[in-house]
Amino acid sequence: MKRGKSRASKDEGKGQDEPAILETEDLDRRALYGGGPDPDTVSLASVTAVTTNVSNKRSKPDIKMEPSAGRPMDFQVSVTVIEARQLVGLNMDPVVCVEIGDDKKYTSMKESTNCPYYNEYFVFDFHVPPDVLFDKILKLSVIHSKNLLRSGTLVGSFKLDVGTVYSQPEHQFYHKWAILSDPDDITAGCKGYIKCDIAVVGKGDNIKTPHKANETDEDDIEGNLLLPEGVPMERQWARYYVKIYRAEGLPKMNTSIMANVKKAFIGENKDLVDPYVQVQFAGQKGKTSIQKSSYEPIWNEQIIFTEQFPPLCKRMKVQIRDSDKVNDVAIGTHFIDLRKIANDGDKGFLPTLGPAWVNMYGSTRTYTLMDEHQDLNEGLGEGVSFRARLLLSLAMEILDTSSPDIMSSTEIQVEGIPNISENATGKIEEFFLFGAFLEATMIDRKIGDKPINFEVTIGNYGNEIDGNSKPKIKRKKKGGENDEEESELIQGSSDEDVDDDGELTSVSTTPPMKPVITDRNYFHLPYFERKPCIYIKSWWQDQRRRLYNANIIDNIADKLEEGLNDVQEIIKTEKAYPERRLRGVLEELSNACSNFLSLANNDQNQAGRTKLDRERLKFCMRELENMGQQAKTIRSQVKKNTVKDKIKLVQNFLQKLRFLADEPQHSIPDIYIWMMSNNKQIAYARVPSKDILYSSVEEERGKDCGKVKTLFLRLPGKKGFGPAGWTVQSKIEMYLWLGLNRQRKDFLSGLPNGFEENKAVKGPGMQSSPPISLMYTMKQIFQLRVHMYQARSLFAADSTGLSDPFARVFFSTHSQVTEVLNETLCPTWDQLLVFDNVELYGEACELRDDPPIIVIEIYDQDSMGKADFMGRTFAKPITKMCDEHYGPPRFPPQLEYYQIYRGNCTAGDLLAAFELLQIGPAGKAELPPIDGPTDMDRGPILPVPTGIRPVLSKYRIEVLFWGLRDLKRVNLAQVDRPRVDIECAGKGVQSALIQNYKKNPNFSTLVKWFEVDLPENELLHPPLNIRVVDCRAFGRYTLVGSHAVTSLRKFIYRPADKTANNWSAMEEIVINTEPEPTVKKIETVVKLDSGSDAVVKVDMPDDEKDGKGKKKKRKKGEEEEEEELDESMLDWWSKYFASIETLMEAMRAQEAAQAEAEEKDDVDFAAEGADIKLDDSNMKGTKKGKGRGAKDKKKAMPGEGAPEKKKQKIDELKVYNRELENEFDHFEDWLHTFNLYRGKSGDDDDQNVADEDRLIGKFKGSLCMYKVPGSDDIAREMGFDSNMGMFQNIPHNDPINVLVRVYVIRATDLHPADINGKADPYIAIKMGKSEIKDKENYISKQLNPVFGKSFDVEATFPMDSTLTVSVYDWDLVGTDDLIGETKIDLENRFYSKHRATCGITSSYAIHGYNVWRDPMKPTQILNKLCKDGKVDGPHYGPGGRVKVANRVYTGPTEIEDENGLKKQTDEHLALAVLKHWEDIPRVGCKLVPEHVETRPLLNPDKPGIEQGRIEMWVDMFPKDMPAPGPAIDISPRKPKKFELRVIVWNTDEVILEDDDIFTGEKSSDIFVRGWLKGQQEDKQDTDVHYHSLTGEGNFNWRFIYPFDYLMAEEKIVISKKESMFAWDETEYKIPARLNLQVWDADHFSADDFLGAIELDLNRFPRGAKTAKQCSIDMVLNEQEMPMVSIFKQRRIKGWWPFVARDENDEMELTGKVEAELHLLTAEEAEKNPVGEGRNEPEPLEKPNRPDTTFLWFISPLKAIRYLICNRYKWLIVKIVLALLLLAMLGLFLYSMPGYMVKKLLGA
């Protein structure tokens, strides 16, 4: 709706630059003539009253009609389980289960490891309402040894609700560690960590994936926990006590057939509802007992949940349900939002609530067996009726898990609690609700033939069905023993109380009345001067303070919102001084906040105040005090240029206020107004009780209390979704007042004056009873003039994609329509509608300030059937009384834009003005005349009069017609001969006809123009319509599609300011672009945790010896060794990885800058800081300012000072993490693309999605408009082509052949396409008719495939201009599925001035990895640019200088060829200019650098939801130029073959597991097992060292592990079949980790696991020199140990510890191993082979083992005695018994048949 702007203060259209507001105008004048205050210090708080249409008797209506909650939407939740660490348990086989709601998915099983690496991706698709999804619990659990037969044992789990993920920045957690805990044993502590990514994508959300670079920083688990900001790392366990006391007001259930059946059989009619309460929280459900047949059940039970605190789920769901074997249904649902009942600040409080009543709303109370609105009772959508109220409380205590008597499981407990006292929730007071219906119009014609009445209810009072309208019953029920006290209350206890009413019966319905016809769509009720009233008495606990405080905050928020809207309106309409209005708004806010502090503390000692009331009050007071201070600060900082930033800050205040105003503890239920026809409930409106609650303090009063409110009634539940819900069922003007019965004396004071009261009963003592109707004696007569000028961007209601709109205007009981304009979305009606003799009741002066609202509905006329609804808006007229003068400042009114809504979506704007003129005693003669343009021959239709219609000037609009693209079929026929018609304000021009669309879709004539009269005020410019028609045979035309350009502003030509450029001609500007002198690039190490250096790596290619170029980690004081870069070793991937690193650094620096700025609370700085950082990263030559921010932020960490790290200078490219066109304004620098639509608009919430289906093609061209007579200076330029008008220097549009080279690097996060949660992706490329499917090179079972391919396609513009790159999933049988695709418009790229044909590299080279790939050299490109742009230059001078226009650039002038010879060249200089081309005056623009773009993949079946991303770039080479060289090789790096040789020499101190069989001594039979890739793949065992008594073992055993390794990614690559049935091998990448385990060998039972160590080959602790020095610290305190990498050291020998967890989950040392690791490349290994174990070649010598191993040979008898008597006594007994049993069974079976025969034959 119009944002309540003042009409009173509008200027007369005297011109655009005048200030918006009169008062400011005076201030300015005063300031100009001196003596006044400086205008910048003046604030406009005083003006607020004028600018906002604040009314004293009427409230603002709410325009949004459709309930948004409850409508299902598409969501996708994706979870990547990367790895788990520190799992508790011995030698386990872990599986991770991901569970959302009832969906479960499992990872594969990893054998025998405590730190499995999975990297598996799962996607869950949902189509549910947002609330339902956000309440679902997402649970990650680790299960040990699950297989087909058994479910496995739970190690630990972690849960959070989906809403928590959605509320994260970017709706995701990325690479975070979830802490596992065991729900059955809360004392146990952490059970391990899972590293995962979780993201939730709704329709239209795009997820920004941080670049998948190297995973070094994330090993710091503690610093990257999966918890929202502000949640402490160590969450404690807590108990949540939900106490359920009792409920009342339950609806009558199954009173229909079943009841009669029961009555017939049993003969009694008991309450037929068996209620119980169910509470759901954090994925657990608790239930109270069932109270059999009771409408007022009393439970007095508490449900106890044990869950971590703070919990990661936002809402607790409390439901009253009716227990019934057949039909167990919810009666009502209430959600407790935990954020509202707790506060995590320093002075915060734990969750607490009540004891308080909560009100439940849901479906209507008439019971039917199949309730169509049952969803409402489940808490979906807005309840349409009161259902019940429940008394509950919630408390929480933190558990001390160390205490012994604690229940360690998280099972739910239910236990009884004592009864609660009557007035614990407040003293019961009598409330009085009064309502008067002043008008009921716009009643839908479907119900117009039956009498209509209205029913008002509050809780169950006033409800006809339940018959609770008599207060007596209620009083007894409620009060019970407090009866006397209560009657005393009513008898009037103080003087100013109202007299005793006697037994006043409530009147809750209006008398039925037959509607009268208004027009063909709507009826109205003929109330005229007699207005029916209702009043209801009800009894509630007096908790008004809660509502008062909420009202005060709400009022502050409303004022703030109104003020902000005003400021934005001032900015949007470009009026003067928005900053003053903002200052005024802030001043008002800070005053209001201080006002709150004084008011909120009143009546503190009220009964029934809960802990939450007290805590919330403190919290609100702190927040508002703080906000008031901040508002003052911001106010002092508001300047003209910072207004927009400050508005953003103030909007955060608004959100916070709205949050604070929402009161979690209810008191008085909401009021429902139902329209009944024939005793059936048709439509309703719901009014929150706080909005109409009376208080003597104005700020505390509800915003609609004692005011006339316009209510639009709507259909209940699901009927209200979609088009059915948008038509108004009825519009009522209603006056409402709610307050204590004893405050009742002035409940009528807000009504429009001039009425008499009609009482129900005449007689003495009844003067205080409320009226049942009001008779208005005063009425005024008016004429309403509605000036309907035009509308724009309307909804497309016809299949052509256009509409035939007309507007219907309603005022009071009158309505009129404008004429129908055919086939347009931007109708200019230019029509005046006059409503004569409008009768309005009330006093004249009130009507002047407060006229009723006007409703304007826009419809689409259909030749058949009734008109379709297209949208609605409201307006208030400007009123003139008969004694006022018709003239400035208020008259004539100005045209203004009103937002049109359709449901909850905006659907265009209406430009109109409204005036309401009183007809005085002298009749219409006194009214101002209507003087319109008379020459128009429109019969009875009056045009908008002069003075109101805009002032016009002549404009010329030039149109560039380029071509049409992608036209689809229309009515099954292909478009063959299209033409484009351009129309604006009744004038227009047609393009040339395209003779054959297939052969050449471009226009032959490029530029045409037309002249048109347009308003001087640019904001009032009508839209320009573009239509495409197809000329068919026999002179028929078919409309193909249309596009409306709503704002022409960006196409207005504004001549350049001549004076501005004068200086530029004179002086030269020298720009030094020398690269930095050093080859090494100094970078700071970003410190991440105390001791470790998180090294930012530059990836060298794999074939490089010794991993040169990687940082070597030394002990603390050592100097870094310098390494020269070997050019020949670098390849394209080196460049790519280096660039990604830069991108990550830029992002980090930006975050750091923002964090710093937030600390300073200064937003401006952040914006600038961030920009600078990003610009640096764009200009690849200068990288000085990188990574600094990050350094400062992390500098304060403990640990040694960060050593400087040198990073080699590798030429980089630019990695864009979104589409290239987004960075360059869609390449629409001179050629624009207009989408053509056809077909009806979608009725979805989200209109853009539906638009994709309506898209029928594109028109390419441009517009340019300027006032005629224009400036002539353009024509004077040389080479001006008059045919081209303003479009000079654009290329011709003849067909052109182009070689398109597409490079596809990789795809990430693809949506799984196969059942196993994977996909087999391959690339398909389509351009025009040519299609390439790279099917044979599919990548098996991979969701992050690296393609590394280039494809060459030949194309001809304009026929083939769209390139489609798709990723398909290969299937062995059946067709391949599309995973996702991306479309690129290559034509705009090709013709763009940004030169997107081939990116410009950061430096020029003629060989090597960075070779120049463009066929044109930099000098040629520069010459062409200068020639095309008519720029002087380039002039190359001595000493490495080049001059272009007035800029001088310097740079190197030599280049080396392959043989190392140096040659002179200007290419570097030319390249320096190209890289800074945007600085060249007049023609400069940024040229596209060498880049990689990241494009989202979309699937037409799942619109709006990303299916993954693809990294790629496109080069284009016109065929008429020299041919380009061969494509760059970007094929994925091949992993390099290595061999790791591990010699296990000895073990020591291995724990002794066995008691010796023969002698009873402790010993172990030790062997060592090791593997690199995985237990199944390559585990190797040493031989067994039997009977070690000291834990010492001697092995001299060699393991040999060949493996393939990717240096850049630090991963081992393995290819294996996933299962027996797999068709092909799948490639896996796993971290390089060597696992060594020590075991105790057993002959008869399974071997016992003793301990293990895992060494990350890139970074593991250096082995100790001796066994003594080897300690468990090497594993526990890794960060303090010197670390080595086997890829650098190549050969390492030392002692390492074996560790395992003991019973208390503590790590303990279980042995030590002396080993030698030796890494060789495959070639070296081949030259120098060795044998496994102790075999040839190069055998190791046999170990020297002591002969204790054979002790038992020496004393056999002793051994046997020990064996039989001690060790195996019971085993032997068991075996003997088993043998006996077997013998008996054998005998039985043997003799059975004989006996059977004997028995049968009776022998």
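Our numbering is plain: 1 for the first residue shown, then up by one each step along the chain.
Using the three backbone atoms N, Cα and C, a Cβ is placed for every residue, glycine included.
Record features, source TrEMBL:
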- 1-40: region 'Disordered' (REGION)
- 8-17: compositional bias 'Basic and acidic residues' (COMPBIAS)
- 57-178: domain 'C2' (DOMAIN)
- 221-352: domain 'C2' (DOMAIN)
- 467-511: region 'Disordered' (REGION)
- 766-891: domain 'C2' (DOMAIN)
- 938-1064: domain 'C2' (DOMAIN)
- 1097-1124: region 'Disordered' (REGION)
- 1176-1208: region 'Disordered' (REGION)
- 1181-1196: compositional bias 'Basic residues' (COMPBIAS)
- 1281-1399: domain 'C2' (DOMAIN)
- 1520-1671: domain 'C2' (DOMAIN)
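Put simply, of 57-178, 221-352, 766-891, 938-1064, 1281-1399, the stretch with the most CB pairs closer than 8 A to the domain 'C2' (1520-1671) is 1281-1399. The stretch with the most CB contacts under 8 Å to the domain 'C2' (57-178), chosen from 221-352, 766-891, 938-1064, 1281-1399, is 221-352. Summed and averaged per residue, pLDDT over the domain 'C2' (766-891) gives 86. In the domain 'C2' (938-1064), helix, strand and coil residues by DSSP number 15 helix, 56 strand, 56 coil.
For the domain 'C2' (766-891), the DSSP counts in helix, strand and coil order read 6 helix, 63 strand, 57 coil.
Residue counts for the domain 'C2' (221-352) under DSSP, split into helix (H, G, I), strand (E, B) and coil, are 13 helix, 56 strand, 63 coil.
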